[in-house]
Amino acid sequence: APWLVPSQITTCCGYNPGTMCPSCMCTNTC
């Protein structure tokens, strides 16, 4: 189900940090 797929920011900063994008995206330091 689509709503079970984590958003990019959630995947970065939530369940799997750094998996989908740089960790700087979590702190707006990119």
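Each Cβ is built from the backbone N, Cα and C atoms, and glycine gets one as well.
Keep in mind that this is a model prediction, so the values were computed, not measured.
Classification of CYS21 (disulfide bond) by DSSP places it in coil, neither helical nor stranded. For CYS12-CYS21 (among others), the entry in Swiss-Prot reads disulfide bond.
Per Swiss-Prot, disulfide bond is recorded for CYS13-CYS26 (among others), and the stated evidence type is experimental evidence. DSSP assigns CYS26 (disulfide bond) to a helical segment in the three-state reduction.
The disulfide bond annotation in Swiss-Prot covers CYS24-CYS30 (among others), and the record cites experimental evidence as its basis. Around the Cβ of CYS24 (disulfide bond), 11 further Cβ atoms fall within 10 Å across all displayed protein chains.
The feature O-linked glycosylation site is assigned by Swiss-Prot to SER7.
Taken from Swiss-Prot, the feature 4-hydroxyproline covers PRO2 (among others).
Sequence annotations record features per position, and here Swiss-Prot assigns 4-hydroxyproline to PRO17 (among others) based on experimental evidence.
Residues annotated as 4-hydroxyproline in Swiss-Prot: PRO22 (among others).
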Rounded to an integer, what is the Cα-Cα distance in Å between CYS30 (disulfide bond) and PRO22 (4-hydroxyproline)? 8
Disulfide-bonded residues: CYS13, CYS21, CYS26, CYS30 - member with fewest neighbouring CB atoms within 10 Å: CYS30
